[in-house]
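A.B. asks: Annotations per TrEMBL:
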- 1-132: region 'Disordered' (REGION)
- 73-82: compositional bias 'Basic residues' (COMPBIAS)
- 97-106: compositional bias 'Basic and acidic residues' (COMPBIAS)
- 118-130: compositional bias 'Polar residues' (COMPBIAS)
- 164-186: region 'Disordered' (REGION)
- 175-186: compositional bias 'Basic and acidic residues' (COMPBIAS)
- 228-249: region 'Disordered' (REGION)
- 237-248: compositional bias 'Polar residues' (COMPBIAS)
- 402-520: domain 'PARG helical' (DOMAIN)
- 527-729: domain 'PARG catalytic Macro' (DOMAIN)
- Asp558: active site (ACT_SITE)
- Asn561, Gln575, Tyr616: substrate binding site (BINDING)
- Glu576: active site (ACT_SITE)
- Glu577: active site (ACT_SITE)
Amino acid sequence: MSAGFGVDTVDEPRSKKSRIQEPQGVNESSDRERGSPGSRGPSSTVGNRVYKQRTLQSWLGHKRRETNEIKRCNSKHSHSHTTVRMSSEGKTNVCEESGKHSETLNKDCNLNHPADDNVQNSSPNGNNLISFEEDNFDTKMTDPQTDDLTSPVCTNKQVEENVVEDQELFADKQSSPEERESDPEIHMDVDDDLMAEIKDISNPVKNFDSVLEEMDQGGCRESHAHISDEGLRDSDLPQSNEQKNKATNRLAKVASHITAADRGEDISKESWLGTPLEKLNRKPVCCMQEPSLRPSPDHTVTVKFDRLKENTVPIPHPDDFIDRWDSLHVKMPYSPMNLYPVDDRNGGRISGSRWKVIKNSLENLLGIRHPHELKEAILSYNVSYARKWDFTALHDFCMKTLDEDERTHFFKSILHEMIALTLKLPNLCTQPIPLLRKGKNHSITMSQEQISCLLANAFFCTFPRRNAKKSSEYSTYPEINFNRLFEGKSPRKAEKLKTLICYFRRVTEKKPTGLVTFTRQCLERFPDWDKSTKKLRRLHITCEGTIEGNGHGMLQVDFANRFVGGGVTSLGLVQEEIRFIINPELIASRLFTEELDPNECLIITGAEQYSEYTGYSETYKWDRSHEDQTARDSWQRLTTEIVAIDAFHFRNHIDQFSPDKIRRELNKAYCGFFREGIQPENLSAVATGNWGCGAFGGYNRLKALIQLLAAAETGRDVVYFTFGDKELMREVYNMHKFLIEKNQTVGDIYKLLVSYYHKECKNCSSRPEMKLYTYIYNYLKH
């Protein structure tokens, strides 16, 4: 593809070399600027293209700027292949036009290209790891495919969700339940008791190789270890060949559950364990053909479904808008029932159309030169909040983050297009949007263009009755208007605004052509966990990569707040919020999704990714625009399936081990993973990680087991991202392998968890003396 002005083109071959080296032409400093591959930087993107942009000044240089300015820009970009990314130090390129950007294929650092999915490849290396083959889980020695892995640096531990306090919503409070900020990341516990136990069992194994060597030579010195059913002990008796073989087998059995570190092996290069990724199911390869898209009592379709065409913007349905101002549908800004006090001809006040006020106020912004004008326009139809809403973050973004040229472009171009998109609402969203209420299974399929219009209205705070107050009709729904995003002085807000403005620039320059489906799934029946005879499925566990970056084609878990999106429209910037701003179409779910009950989840299919990022939480930085090249299904949806499941917030560590809490988390994960009537061979693997850990207080070893059990019950394999935690990677893998070797069913493992609570936790006030994995090993080794 030819390069347009102001951009660089770097073509990367899909070879092994391209997966482990930087593309030619990118300078060495880009790695440092880009951040770790655990972040959503280019090194973690799979099968997609990335816009490698320069700053806005470079683009303006072609608009006949003065010579000295052009020289200044050229001097800043003297390296033709250097990509300048947004950061607080470097000026943003979020406002840059993307119509003429060239695209480059990003490195496939952890997964194969989608076209190669589900194809078994031979391994190039000589390092041996144990994996489980197919459904029979026979063990064999396989080679790790290091060329399919990302860079070994992994610093982002995405283990936090936003804390939900049991309190009511107040518009004038600093925080509301769905946007309560997460606590700072806490260090994940290492199961020290487990390591001590393993070392106690395995002290003589340090000489494992020498023992076997001397056995092979036909002798065994009295100083060497001899294995008996009671354990390891010294023996000064000569051994027969049969005795030696028995000893070897017993020693190997013990050693198989000892980490590589305890065996004296080099574990520094381990980055994944278990089943190779290419053996696991991914969309679209594993999926059955979808039925024809049709509306039904349980499925609202807001476009002309019989006129869908590839790369064509869907047509709204019906042609003229239908208003439903009731408790079952979203109250739309353009509704005739949306009344607002307006001046009459006699100087008095009467009830008039709020939409007319919105339209007039936004149209008057066409000559905007200062963010104060934007503030006044928004408050003109939100007068009751004039003394409560703070626009400091919006002001600082416009006046401090953007330079003069970028600010001019934002006000005169991007904002104008956003206003035009906002005012198209009556023409684009013509069908009443049902609320996805508690206890109801329902789906909504909308076009990406319709969603962009809804989000533009959220930016300008036009949705009525959604500025939550105590006992208001929408107090059980997340906030949708962006007023909380505009307040405060946190640097996070500028980075969030960069990410969202990038989205609005993209969708206004080129209309998106796909559909997105939002499904609220509510289950009434759950498994009898203690009676389940299902066996554990396959596991791939890795300390590198991210769910969104390396889980393409899988069911990707959103570590959700019960108010979906958490603090995305305020300060939150952990796993869920980051996913919602780089895939902003997810934010639309907050408009119509009531808070989740324990037996419910939200499934979103087709949300597009528009941005790359680096960092996490306080270090989050918008990095660049991203072109999502995920395959589409027959409904013109991207085959990206995200499930929002909210973990329980444990304020007391010991509480999570009680049987009722274990069942709650099992049922929640099961709800997210379950699909009615779909066979396991047609289900994609689950891409997940430390769900409910960090600020929510979950113990990652327990949460890993819970998700493995829920996935097994639903017939799904698991890809588990530990976000840089190698110790957790090895321990979960060893436990998974151990339980399979012991032929443990889901029911057996559940009973072990219950037994652990009654024997080790029930009478504890803080933390049990014996860790969970140690207990399981001790219980099953006899």
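Every residue, even glycine, has its Cβ placed from backbone N, Cα and C.
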A.B. asks: Quick one: largest C-alpha distance among Asn561, Gln575, Tyr616, binding substrate per the record, in angstrom?
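C.D. replies: Maximum Cα-Cα distance: 18 Å.
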A.B. asks: Look up Asp558 (active site) in the DSSP assignment and report helix, strand or coil.
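C.D. replies: In three-state terms, Asp558 (active site) counts as strand.
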A.B. asks: When you rank Asp558, Asn561, Tyr616 by Cα distance to Glu576 (active site), which of the recorded positions ends up on top as the closest?
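C.D. replies: Answer for the nearest of the recorded positions: Asp558.
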A.B. asks: Gln575 (substrate binding site) has how many other Cβ neighbours within 10 Å of its own Cβ?
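C.D. replies: Result for Gln575 (substrate binding site): 31 neighbouring Cβ atoms inside 10 Å.
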A.B. asks: So if I draw a 10 Å sphere around the Cβ of Asn561 (substrate binding site), how many other Cβ atoms end up inside it?
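C.D. replies: Around Asn561 (substrate binding site), other Cβ atoms within 10 Å: 30.
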A.B. asks: Hey, how far is Asn561 (substrate binding site) from Glu577 (active site), Cα to Cα, in Å?
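C.D. replies: Taking the Cα atoms only, Asn561 (substrate binding site) lies 10 Å from Glu577 (active site).
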A.B. asks: State the count of C-beta atoms found within 10 angstroms of the C-beta of Asp558 (active site), not counting that atom itself.
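C.D. replies: The answer is 29 other Cβ atoms.
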A.B. asks: Restricting to the domain 'PARG helical' (402-520), report the mean pLDDT as a whole number.
C.D. replies: 96
A.B. asks: Cα distance, Asp558 (active site) to Glu577 (active site), nearest Å?
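C.D. replies: So the Cα of Asp558 (active site) lies 9 Å away from that of Glu577 (active site).
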